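Visitor: Right, I'll just put the structure down here and ask away after.
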């Protein structure tokens, strides 16, 4: 007597799709998310989001910037983490690869320990939401983490800047912030 | 896929089976409802996947699974007091054997248990829509009853065809009509389809099935009814100037004529221009916002750099000299540097003047407060002085009279206290005491 109208093969995918659809709607109607705006890159694919992060002016290095990124979710979401890739101009940041991919511990799946130095406590958990991810990303712009650099140059220059030895980091960051605002 | 299984996972049979059922679903995304009610949920052979349901009202945040973010299905609670759907927790645990919320190590079997009955009851009472509402069942029912409704009563549930050799399914409503799974030809479009689908096809899809419009007697394709309504000449429409205030309703073919003599036709072109301007305005506002951000950004930059050598910035004379050192490097040209310097100064002066105004205001306020008090005290003192004067005058009068009387008896000096006291009568005694005290100051 059982009837399942939907093919079970897509059950997981459709579950993730529904979850994402809901979260997208919640986030685009939320009023308490200053500086974050989200939307779909392609109307028909709820698994790829386009994200715009407007960094607060108080932020030390990146204040005023206007960064665009793509947030790509796997079909296994929320059990596996999404991937965040910044679009050109890629921010000059110790935790962002030159390709634009973001390296942040909460987006690393719990099982693959290729980085070796993270404890499981810092990695992905299914209770994370796009909202918590993006808030973490924004805080990463306020406090870049030079412990596990994805961009070695940036990390080195950041340390020099913190030590007061060189202003090169500031200059490079300002340049990419300017670019993100559409200046030449 | 890492299965870091804790040894405990195999202890209870139901849990093992649900894990096994779920693990392939992580890699291939198959078999969804393996562990539907392992944590005490009512359904194990789920005919209705409770997580697909649409809830009638917003669900309380506390009843939502932190993993799948819908109302809990088969809720389990961990020893660290976090509640999840049983299936969600099992899936998450297979990847990482910790509690997803606080990340403490978690043993799936010994450290979780079904959530308390009160949680179950609250979940059971949530109102949901019948999952067949796409097929036309509009029932809203408590969640605990929805499965019963779908499997036994809902007319729109798909059930196996009554014909023994037929493998198709059919809406329960049509079971009595025998097997409908034979090919028929649509009489309008000559397309082939199953008899079971014919009705829906003719109602909604058939490109040839025509229908007469009830209003204008024109013929149109049945599934295009909505489109026809948009152009049917007899349909009641509102005047094209309705946005500007015309309230008249008339058939579409009359609207044309009305438009030419509508009282609001004068306003029309203005309104259109207004709309145009408004859209232009929003575009400009958008641009402006972007510009603002840039300006702000530039201003900030102009400000932060001189501030980094703030000690020098205090004296104006030393500033131009600082332009030669490394700090000016980010500036493309000297002019720009001075411009930014100028801007900084300007903003500083502005800040100072506003601060000055504030201080001034505060001072005058303070002054007024103080002087008011002093004035009050002054008037008080003045009035006491007046009273004192009155007293003195009265007493002096009194004394003079007395002296006149006593003077007749003893013309000797009445000024001494002892003489006074001896000389006067008793009723005056208390007054005289204070009297002497008042008389003293002038003598001193």
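Note: Cβ is positioned from N, Cα and C throughout, glycine not excepted.
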Visitor: Of the ranges B:22-43, B:44-65, which one does TrEMBL list as region 'Disordered'?
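Guide: Range annotated as region 'Disordered' by TrEMBL: B:22-43.
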Visitor: May I ask you to indicate which of B:85-127, B:128-170 is given in TrEMBL as zinc finger?
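Guide: Comparing B:85-127, B:128-170 with TrEMBL, zinc finger matches B:128-170.
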Visitor: In the domain 'RING-type' (B:65-103), how many residues does DSSP assign to helix, to strand and to coil?
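Guide: Output for the domain 'RING-type' (B:65-103) reads 10 helix, 9 strand, 20 coil.
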